[in-house]
Amino acid sequence: MMLTRYITQIGRYFLMLKEIFNKQTKWSVMKNLIFKEIDDLIIGSLGIVAFISFFVGGVVAIQTALNLTNPLIPKYLIGFATRQSVVLEFAPTFISVIMAGKMGSFITSSIGTMRVTEQIDALEVMGVNSLNYLVFPKIIALLLYPFLIGIAMFLGVLGGWMAGVYGGFISSAEFINGTQMDFIPFHIVYAFIKTLIFAMLLATIPSFHGYYMKGGALEVGKASTVSFVWTSVSIILFNYILTQLLLGS
Amino acid sequence: MIEVKNIEKSFGGNKILKGISTVFETGKTNLIIGQSGSGKTVLLKSLLGIHTPESGTISFDGRIYSELNPDEKRELRTEIGMVFQGSALFDSMTVAENVGFPLRMFTKDNNKKIQERVDFVLKRVDLTEAHKKLPSEISGGMQKRVAIARAIVNNPKYLFCDEPNSGLDPNTAILIDNLIREITEEYNITTVINTHDMNSVMEIGEKILFLKDGLKAWEGNKEEIFRTDNEAVVAFVYSSNLFKKVREAYLKE
């Protein structure tokens with residue numbers, strides 16, 4: 001019974017994806033919606049992403065330094081470990097899980113509120129493809145999500161450098177040497193491929209939970225929670241699959 | 001004119017509409033009344049295409065909705081104006097943006113022309129000072145008037161209203177009723193109103209459809225509803241002493 005329900009929901013999700021790209025909204029209207037979504041979702045997340053990335057980068061550097069007790073292990077590994085942790089996992093994956101909470105609950109609650117106040121019915125009655133009108137601009141806006149993750153990567157490593165150097169764990173030259181060591185450009189490509197897939201999940205799963213919710217204000221809150229759980233689960237699952245596919249050979 | 005022929009609709013095996021047929025006439029205020037659970041909202045949502053009936057047809061001036069292709073359905077929907085029970089104004093837009101929304105979506109009019117049309121309809125619903133306000137900054141009655149303005153801005157052929165005066169004080173409710181009736185006559189549109197409000201029935205019921213348990217129990221107009229002996233109508237409409245007295249007074253005249 002439960003399995004049938006999950007399969008039905010997954011089918012419904014893919015039908016929703018198809019409908020998003022049907023019957024496009026006029027460009028003159030869509031353009032403004034996209035700019036608004038960029039402001040809400042990308043610009044609006046810059047502060048929290050910068051704050052978290054900077055301090056977590058710092059903590060990664062300190063933890064690595066504190067665990068490198070063997071004098072034979074070179075100190076530049078602190079820079080290396082910080083770069084690898086931040087670029088490969090922290091920035092693309094864990095910032096995305098945090099964004100599933102921040103952006104995801106915003107998307108679910110705003111669309112869910114439109115559902116319970118009949119604003120979505122109003123769009124449909126007017127002949128507007130409400131899924132295209134509401135979800136398509138979010139997908140386009142989140143094409144800029146890699147920009148946010150790029151900033152997270154930079155600030156994470158910067159945080160690591162500052163914590164390492166000003167905390168007296170490592171010299172600046174050693175840290176920079178570590179961040180440049182064994183650099184594989186494909187790791188950046190891998191991180192940004194993940195980021196784009198996560199961006200699609202971040203735009204569509206919360207929209208799905210908001211769009212198809214039923215009930216009132218209480219159910220909007222419940223839908224936001226459920227949406228956060230499923231977006232996070234999907235991100236972690238896709239992270240595993242993509243890592244296996246792109247790096248696991 | 002909207003012609004409904006023998007429509008049936010069920011939810012989870014429970015038949016809500018049981019073969020309803022009627023005609024909603026152009027230039028008249030057509031009211032759907034009945035107790036909660038009688039099928040009024042399902043009928044209205046079926047007319048709007050939100051619900052798809054299992055059998056029967058709904059035709060808009062000869063165009064049978066179920067036989068239209070998706071593009072024709074969307075085209076038909078641009079001829080429909082709807083006033084929702086909770087107004088359903090877009091809360092991120094100002095009053096003027098809400099009213100101009102159908103024009104921006106479906107016409108090639110430039111901003112100046114849209115602004116002129118918005119000014120005109122807002123003046124028509126007597127709201128000239130609220131252009132830049134958000135829906136949350138205006139009263140419930142004003143929100144209803146904005147919803148009416150948005151519904152008529154694109155010159156619809158069909159206007160649907162779901163409980164247009166619910167939650168309003170009696171004066172504002174009468175203003176809204178009269179506004180809908182005036183607009184219906186002025187633009188010669190087919191107006192269908194779903195209501196519980198017996199004042200509306202007495203004021204603007206040019207055609208009244210009474211539903212009971214998913215069936216058409218009675219239809220007529222506001223004069224006929226005073227004279228009918230239909231038990232279901234009498235039990236529903238004249239359940240309050242006030243309306244009983246109004247009826248007695250009317251029949252004495």
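Placed from the backbone N, Cα and C atoms, the Cβ positions cover glycine too.
Nobody curates TrEMBL annotations by hand; they come from automatic prediction.
Copied over from TrEMBL, here are the features:
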type	residues	note
TRANSMEM	A:41-66	transmembrane segment
TRANSMEM	A:86-107	transmembrane segment
TRANSMEM	A:139-163	transmembrane segment
TRANSMEM	A:183-205	transmembrane segment
TRANSMEM	A:226-247	transmembrane segment
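Within its own chain, the transmembrane segment (A:86-107) has Cβ neighbours under 8 Å at 40-41, 45, 48-49, 52-53, 56-57, 60, 138, 148-149, 152-153, 156-157, 160, 187-188, 190-192, 194-195, 198, 201-203, 205-207, 210, 224-225, 227-228, 231-232, 235-236, 239, counting only residues six or more beyond its boundaries. The transmembrane segment (A:41-66) shares the most Cβ pairs under 8 Å with A:139-163, out of the stretches A:139-163, A:183-205, A:226-247. Using a Cβ-Cβ cut-off under 8 Å and counting only residues 6 or more beyond its ends in the same chain, the transmembrane segment (A:183-205) has close neighbours at 13, 16-17, 20, 83-84, 87-88, 91-93, 96, 99-100, 103-104, 107, 135, 138-139, 141-143, 145-146, 149, 153, 227, 230-231, 234-235, 238-239, 242-243, 246-247. Long-range contacts of the transmembrane segment (A:226-247) within the same chain: residues 92-93, 96-97, 100-101, 104-105, 107-108, 190, 193-194, 197-198, 201-202, 205-206, 208-210, each at least 6 residues beyond the stretch ends and with a Cβ under 8 Å from a Cβ of the stretch. Sequence-distant contacts of the transmembrane segment (A:139-163) (same chain, at least 6 residues past either end, Cβ-Cβ under 8 Å): 20, 34, 37-38, 40-42, 45-46, 49-50, 52-62, 78-79, 82-83, 86-87, 90-92, 95-96, 169, 172, 175-176, 179, 191-192, 195-196, 198-200, 202-204.
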